[in-house]
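What follows is a single structure, written as structure tokens, with notes after it.
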């Protein structure tokens, strides 16, 4: 039987059984589960496929020998030698100092060998040093070639050839060949050959170049020259022009009189030695013309010839300072990396986050509980016992987080030791195999291969190293919910192990589903403290290196501030708008000015809104003027009302006269006799004129407002109430001009007969507020404004109008599709229109009759 792992693979059985290939269930062609949907499509043909890591058998089983340690030692030695030769640090400089002294000694002896007095004494020592140098350099060269294999790009024979083609390796092989040639020629005793090959000894000067294996000095020089290349080219170019011009003019002046300037080449030599401030004195001008020209060009040319030295010096100084600053900045890498790591763990160990598991898995693998191994008397095996000072802690862990402790016999005793969580996980019933069912003496403990090897070597030591498979199994064991599911599952054994069922009689396992809350809180506290410490260390590493560093930080901050201000200014310009100023020259001189394009800025939009509000205000003024004209309100009183902005009046006061008028209103009702003429027009009988003393007219609109009461829509504080037309001005006396008929109408209007009933006044809204107008009424007219009054109120008003002007046509309602402005009265401009008949004192107010 085999056990399927989480990834769908299987562990191979014993050597006696059929070996199963590790793979995914349902993906192998011809497998029992290959009939699943999509399995054949994924598997493809049965041709041999490329092997993967899952297909490789597990190495280092119980029957296998020790893993070869030569590979690890081989790689370690390669890395060590490569670092010593190519990247020396610390005590590795001792070897390079020894090589430098050896090369320098050979160079000094080569110099002394050219002197006749020291030739014989220096040749013997030089011969010995040459042999030592050749041996050292030869061995070092081959070691370099071999150690370069630690780098991935230099592995294999092609990689070695690539490493051998490096410039410094080429110099090494050239010096080695030259040294061997010189040594071979000197050992033959041939005088001619020795004198001819003696010059090859100076090839040993190239050995000094190899002292700088990494080429730091050459890189520094190249970076300085490249950084100041423009300045150097300018100085050299102008200096070269001065050299040519000065040499040519001095040559022309000294050609016939001075033998030192016979050719132009002599003049160039003189100019170069003079402008470079060397001045050998072998050539000099003798005529006064030549001396004057030489002095003039010397003052100009020397300054340009000296410029490259200053440029290179300052460049070297700046570059070295920059390198020191860069090294100082590199010291911030470790604190920054530690801060990032601690910040992530501080974030990931938040107890409220339930979606982050990797950090907790790290602590699950690293947390250990010390245990004591003691030998049992029954089976002669050892079991894990916690120390006395940790019994209470383990009891609490067991009670809080479901930790399970069970006894298990161990195959061999061991002294007191600190057992890691991995050992306790693998000393589980999953690792217990018995030859006979129910026989505890035959039980064995399954361990990892590394543990078996270490126990064979030294039984008293605890196995510390465990393979990747053991770690994966440990992570799986951490998440096992209970023992029942583990006992029912099938077991898988490594090669060389017996496959048996679990022994349920004697089990011992330390299994935890998750860390305890208390342990999590402790880990959280440690992460917080580490984060604070890392933050403090990183802040300490951010201290400025020098004054230039401070200035650089301030300049960088200033540039950042300027960029932010520029961005803010652009956004402000986009919002406010910054249009180009239009001058008189740019204006088009024409009869009609062209419309300017709309400004997309916020200020342009606000201006457009203001224009629309102004247009709406004009329309409202126009509608209010129509209302005042229709209701007969004088403009002076309306302006006084809106200008004063008086508060709402008190509740209406009912005077005794109003009560008496209310009591006598039924006696003053005038019966209106309607008759129809042959043309179909209505004729109204005029009521008798009542004396004005019986019903005194009102003198102000406040009294009229008090008499009418409150509006049906309510007196809300946010509504602007338009005053009702006064009783003595409803006939529009401003248009009639004080006629006698208007005076009679005012008298008639003051009578109770002409006064509308209280119910009509209550139902109608004579005191009209603008928000009380219904939307349906607004849609009836083209002007968007209409006034609704009850039919009874309009009939009563019509009777009063008929008393004075019987021929006037009264239109109490407005037909659909017709607006208030359709009548001649509502014309906003021009003189007041006449009536249809043009007669009567109220012709100005009467509406025109229907058109025939």
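Glycine residues also receive a Cβ, built from the backbone N, Cα and C atoms like all the rest.
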According to Swiss-Prot, one residue among 472, 489, 786 carries the annotation phosphoserine; which one is it?
489
So, residue 184 and residue 280, same side of the membrane or not, per Swiss-Prot?
yes
Looking at phosphoserine as annotated by Swiss-Prot, pick the matching residue from 15, 420, 541, 781.
781
Identify the region 'Disordered' range according to Swiss-Prot, selecting from 155-201, 672-718.
672-718
Predicted model, mean pLDDT over the topological domain 'Extracellular' (277-287):
88
Cβ under 8 Å, sequence separation of at least 6 from the ends of the topological domain 'Cytoplasmic' (216-227): give me the contacting residues as numbers and ranges.
312, 315-316, 319-320, 323
So if I exclude everything within five residues of the ends of the topological domain 'Extracellular' (254-263), which remaining residues of that chain have a CB under 8 angstroms from its CBs? That is, six or more out.
270, 282-287, 290
What is the number of residues in the topological domain 'Extracellular' (277-287) that are helix, strand and coil, as DSSP sees it?
0 helix, 0 strand, 11 coil
